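Copied over from Swiss-Prot, here are the features:
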- 37-44, 64-68, 91-94, 158-161, 192-194: GTP binding site (BINDING)
- S44, T66: Mg(2+) binding site (BINDING)
- 29-213: domain 'EngB-type G' (DOMAIN)
Amino acid sequence: MPETEKPLFGHPWIFIRGVPSLNFLPPEGPLEVAFAGRSNVGKSSLINALVGQKGLARTSNTPGRTQELNYFVPDGYSGEGGDLPPTAIVDMPGYGYAQAPKEQVDKWTKLVFDYLRGRATLKRVYVLIDSRHGIKKNDDDVLDLLDKAAVSYQIVLTKTDKIKAAGVPKLLAETAEKIRKRPAAYPGVLSTSSEKGDGLDELRQAIAETVGIARWK
């Protein structure tokens, strides 16, 4: 099977680097997708569930634990010459954690915003929204930035196992309506549960299509 036809989630993923500042970014090459969201929205848990590896992305009960851009790629590529992974998933620092020192928050914020504005290989940002709380002001601020920077993004609801199943369709419709007029928003809203596995295949397929890969498995 040609390298470009390898299923995206059919083999292990690895962590390749943490990026505390833009100087540490890997060279631009394969297309990237990034995961953004409020602190404790479940980014690390969702990444682990997507790739089927519980310990890949570190999870913590401490909000604001992720302080760098963390890069994950499919394993089995040397990274040299043309032997590059087909894509990278970037776990971005959580936003909206009020108890973090202001200097630290400002540093995280600048790193994330500079990355969003300047990364040519960034294909889409998946903005994670806790299904129990919906879109908050901090989320709206990030969506405003993405619209201004013309960076494509898609809303992904997390922790749907924490709300009544009957309420999920209504929440999907309400969320879609809230972002309907936003210029950079991808119109489809996804719902997921890392705990139950709900919606993971749909998200895997969405990522594969975004980076130009026909199959995710």
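Note that Cβ sites are derived from N, Cα and C of the backbone, with glycine treated the same way.
A map of Swiss-Prot features onto the structure.
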residue : record              : Cβ neighbours (10 Å)
G37     : GTP binding site    : 26
N40     : GTP binding site    : 20
K43     : GTP binding site    : 27
S44     : Mg(2+) binding site : 21
E68     : GTP binding site    : 16
P93     : GTP binding site    : 25
K159    : GTP binding site    : 23
T192    : GTP binding site    : 27
Nearest-integer angstrom distance between the alpha carbons (Cα) of P93 (GTP binding site) and S44 (Mg(2+) binding site):
10
